[in-house]
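See structure below.
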Amino acid sequence: MSKSSKNNKYGSQENMPNKDANDDPIDLDDLLPKIGEFGIYQKLLLWFVCLPACLPCGFCAFNQLFMTDVPDHWCRVPELQKFNLTQDEQKLFTIPRKVDDNTTFEKCTRYSINWSEIISLDEIEFNNRWTQEPCLDGYEYDKSEVISSVVIDFDLVCDYDVYPTLGLVALNVGGPIGVYTFGILNDRIGRKKSFFTCLTTLLIGSLMTAYAHKYWFWVLARAIVGLTIPAIYQIPFIISLELAGPNYRSFVTVMTCIFYTLGLVLLSGITYMLRDWRSLALATSVPFFLYYLYWFVLPESPRWLLMRERFEEANNILKSIAKVNGKELPTEYTTKIQRQVLEQAMHGVKETKTVSMFALCRTPNMRLKTCLITLNWCASEMVYVGLSYYGPAMGNSQYMSFFLSSAVEIPSYLVCWVLMDRVGRRWPLCLSMVISGIFCIVTVLLPKDAETETLILYLISKCFISASFLIIYPYAGELYPTELRGVGIGTSAYIGGLGLIIIPFVNYLGSSNLVLPLVVMGAVSVVGGLTALRLPETLHCSLPQTAEEGEEFGKDWTYADCFKCGGQRPIVEAESYENLDQLELTQAPVVDEISELPNIRRSSMRKLVRQASIVETQRDLDGNMKMTYWF
């Protein structure tokens, strides 16, 4: 609607001022540069509140790997207690050796002998052809390294060895449910209250985990913890992202990923010091009760407050940001707030439009891109999480292996951050997934005793898949048009979360063959990476706004485009929320430099455009933030 038509619409109302540009919805992306895009307020919030809030997610998502340690075990023979034998001597008399390895004892069978009738061991003539039977009296465990675990307490070995895997499945089943639930809560009650609701749920599930005395109660506790993962990580991330200006969103994103990874590194040290699973569950959850103190310092998102038309509360938070940053709120913003309060009083709250996920599949090109994005998202997330779960099984020390598998993520994030702005998104995504998959598959060529070599290949694979996991989210956000971006990202992320349910079963294959899960995940990674070449490049491209533009974007793709790297610089044609090149056109040039205007720039502005397009603020059709879409 043009400015003149807006004036005509309200011109008949005496008490209503003429509509002008101030009547447009308040866009914090325009306001934040004036009160501080990343000033002292945002830095304090990021470093002391939002980044530490990343720790609970990593701690509670991966501490379960060490709760379910499976130590060496063998059948218990209670009658042998009267002979005062050591564990090695008991195994020697009662446990048969494996057929293919005479130095290793069986774990789930014993010799079928009535030891209660044996008066002296000297009477026995040892015979390795004795009849064998299952472990009828329970199991003995080697507790030299692991004092206790869920496996030891609940005897989850032999016929029940799949039960720890089911516990991991319960954790992953809770994830998509919780993400959707807390996404809705974020839209309805706000980011701040949702975070503390999520934190409370996490702590309840963790305490239930620590005090579980039945296996199925423990599984229920893990499902409750799973409801909060990854929501407990994403909510503070979104708050910091919404308070940072467009030029710093990618920095906030990368720092959040790095701090999350540092949490995993810290977890490896905690698990090394605590070998009791109940103590581990408490140590990785009870300290987070201190996060309730954040209630007094964590602000509500002003974007959400503006969406809910709670202008006074939003105004107070923005005043605080401006004051701490040493700035002042612009007068035009204050005028706009007053106008919108009057608009709200006269017309009430406008009903929000929603977009269906089926809109992603109505046209052929958009349907193809949606399928490819979702496939890449699912493959990247499954392989990343699968390799993270598999880390403790690699090498000689599960603690060192998990430490290394976490530490290799940090350089991959930093390198990937640079490459995305120079090379583009498509090729880094493709190469990172393909290379990761190849190194996984190559492990099948190594001999069974090549533990160090297998660990090295695994770490290289984990490094590359971590890079793809960082790329896929912003790349998907750029491929989906603004009109469908929220529901598109939400759909792809949700399907990716559902894919995690099968990952524990893939890792379970490693109980019989160590490299088999790596081969399966490697194949998934290679297939996902190759399909990424069919997607159009988004670097330096104006992002599509409507569903029609989304259909046209990349429609002229040819096989020759597979080998193209990077993208062409866009030509500004129309106003666009994402196209920040317009900012330069609205600035008055210095008179002496008018003749040189076409040649000015553009390093700083190019950086601004690239950074802004990396992580965009998701909005619905009316321009309002909808938290559900972030998940």
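Including glycine, each Cβ sits where the backbone N, Cα and C put it.
Marked as region 'Disordered' by TrEMBL: 1-23.
If you look up TrEMBL, you'll see 1-16 marked as compositional bias 'Polar residues'.
Taken from TrEMBL, the feature transmembrane segment covers 44-66 (among others).
Taken from TrEMBL, the feature domain 'Major facilitator superfamily (MFS) profile' covers 109-540.
According to TrEMBL, the transmembrane segment annotation covers 162-182 (among others).
Packing against the transmembrane segment (194-213) from elsewhere in the chain are residues 53, 56, 60, 67, 178, 182, 185-186, 220-228, 231-232, 235-236, 239, 278, 281-282, 284-286, 288-289, 291-292, 294-295, 298, 627: each is 6 or more residues past its ends and has a CB under 8 Å from a CB in it. Positions annotated as transmembrane segment by TrEMBL: 194-213 (among others).
The feature transmembrane segment is assigned by TrEMBL to 219-239 (among others).
For 251-274 (among others), the entry in TrEMBL reads transmembrane segment.
Through the fold, the transmembrane segment (280-298) approaches residues 45, 49, 52-53, 55-56, 59-60, 63, 66-67, 192, 195-196, 199, 202-203, 206-207, 209-210, 236, 239, 267, 270-271, 274 of its own chain, all at least 6 residues removed from its boundaries and within a Cβ separation under 8 Å. Per TrEMBL, transmembrane segment is recorded for 280-298 (among others).
According to TrEMBL, the transmembrane segment annotation covers 372-390 (among others).
Per TrEMBL, transmembrane segment is recorded for 427-444 (among others).
The transmembrane segment feature in TrEMBL is assigned to 456-475 (among others).
Per TrEMBL, transmembrane segment is recorded for 487-508 (among others).
For 514-533 (among others), the entry in TrEMBL reads transmembrane segment.
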Any residues 6+ beyond the ends of the transmembrane segment (456-475) with a Cβ under 8 Å from its own?
250, 253-254, 257, 373, 376-377, 380-381, 383-384, 387-388, 390-391, 394, 404-405, 408-409, 411-413, 415-417, 420, 425-426, 428-429, 431-433, 435-437, 439-440, 442-443, 446, 489, 518, 522, 525, 529, 535, 538, 613-615
Please compute the mean pLDDT of the model over the domain 'Major facilitator superfamily (MFS) profile' (109-540).
87
Can you work out which residues elsewhere in the same chain, 6+ from the ends of the transmembrane segment (427-444), have a Cβ less than 8 Å from its Cβ atoms?
376, 379-380, 383, 387, 412, 416, 419-420, 454, 457-458, 460-465, 467-468, 471-472, 475, 515, 518-519, 521-530, 532-533, 565
Six or more residues out from either end of the transmembrane segment (251-274), which same-chain residues have a Cβ under 8 Å from its Cβ atoms?
38, 46, 50-52, 54-55, 57-59, 62-63, 66, 233, 237, 240-241, 244, 280, 283-284, 388, 399-400, 402-403, 406-407, 409-410, 413-414, 417, 470, 474, 611, 614-615
